[in-house]
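Have a look at the structure below before the remarks.
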Amino acid sequence: MATLLPPPKRQKVYYGVPEPDPEPIQPSLNIIVQFVNEQDGAPIAPAVNLPAGVARQTLEALEDEDHVPFAFHVALPEDATKPNAPTRIVISKSIQEDVLNHPSQAFSEENILIIRCAPQSVFKVRPATRCSSTLSGHSSPILCASFSPTGALLATGSGDTHVRLWDLNTETPSHTLVGHTGWVLCVEWDPIERKLATGGHDGHVRLWDPKSGKSIGDAMKGHSKWVTSLAWEPVHINPTASRLASSSKDGTVRVWSTATRRLEYALGGHTASVNVVKWGGGGKGGKGVLYTASSDCTVRVWDAQGGKQLMILKDHAHWVTTLALNTDFVLRTGPFDHTAKRPATDEEAQTLASKRYDALVSRTPELLISGSDDHTLFLWSLFSVPESEGGRSKPVNRLTGHQRQVSHVAFSPDGRWAASAGWDSAVRLWDCTGGSGTMGKFVATLRGHVGPVYRVAWSADSRMVVSASKDHTVKIWDLKTYKLKNDLPGHTDEVYCVDFVADKVVSGGRDRTVKIWKN
């Protein structure tokens, strides 16, 4: 039988309109580039001849085949710098766009361009592959889990009204915290690891000493319905006696002084349940700002000093159920970096925390992502525009693609990526770098779960995402291939919570067990 050839390709018809001229190919200039270490100025490799239009991601690939995130910048000559203006040009798109087309006109293709490189992650987290411990003790489903800032302890809250602390070095129970009279719905560590705050279905907020397992004073009462989330004041703003914010189903947010355990002020603008509260480190004068998301379809922004309302963000069409800040990781871990060095004094803790926070926001201002039951997320950069210019309460981008409600969203520790989990069984990745036009760009969908995904968490090096689902599994995703790296089955029912610290993953859920996974 004769081989049938495919039909010829149809020519594009313009229906009476003259065919447009093909766009001329822009000539790409070549430039000699010398990569040097940002810290000591030592050359990393011999000078290379590169096209000026090469993208920043390609420069990263040149530096390291194993995808270490790098930041690149070029120092402006002294005669080209203006007073109070930046002294360096950060390469965010390409050499052509950022350096050669810079308004200062300080560089040309005839220069040898010295690009300073700074690795963004100097350590690598090993992916968890096996379950090293299954810890029983709770007599009801585990509803929340959170690592301490140093990763030495884990706190889990359960429907049995108890909070349990687990020692992660020995993988054994440490203390049982008894005091709540209803389900424990949220646990949150003080960033210096001195206190643990818990909120429950009884409407009470409690503080605990993690060393002794004893309650610090009586419960802080005031909410008339259950507590939905907790947020600590950042260490770089107040290292001695951080305040605590609690949000509730009763539509209010209360800010407590942890030194006196008294109410400082209450925020009462929402008309329905406040589902989540976040305490950001930015705002006016860097004094801190509170973000609250509610079932009244709004996100509200408050001055953390006195509780004055700054903005109402009304773009969502349904309940707003989750918030994430690109500074979440550095705010949560405070002065503790990957070296886990413990500060000797409050002043040292404040200095270390401030240095980590400033290093992150110097690249990108504090960003907020809100996720909703309207199947969408919004990306906001609320304090990057001076107050004199209007329109700063408009979203930078609308992130669409989920087919059902968004259950959780989390930023990577380096603030460059965001991962969102949905009831459509998918995890979606978003690129939160670049200018206002490309920020929040969709990157990939991570598919593999066969039930709603409840929570996501990032590894400390921003190279892996872990997700917990109704399908009884925990999955680790590889961000180089956007495919499943490791499937961690073992739970016998829905997995409600997951957290990632160092090279350990901890999960808990409806089967009442805590599982620790490691390499």
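In case you wondered, yes, glycine gets a Cβ from its N, Cα and C as well.
What TrEMBL records for this protein:
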REPEAT    135-176  repeat 'WD'
REPEAT    177-218  repeat 'WD'
REPEAT    220-266  repeat 'WD'
REPEAT    267-312  repeat 'WD'
REPEAT    399-431  repeat 'WD'
REPEAT    446-487  repeat 'WD'
REPEAT    488-519  repeat 'WD'
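Counting residues per DSSP class in helix, strand and coil order gives 0 helix, 23 strand, 24 coil for the repeat 'WD' (220-266). Across the candidate stretches 220-266, 446-487, 488-519, the maximum count of CB pairs under 8 A to the repeat 'WD' (135-176) is reached by 488-519.
Break the repeat 'WD' (267-312) down by DSSP state and the numbers are 3 helix, 23 strand, 20 coil.
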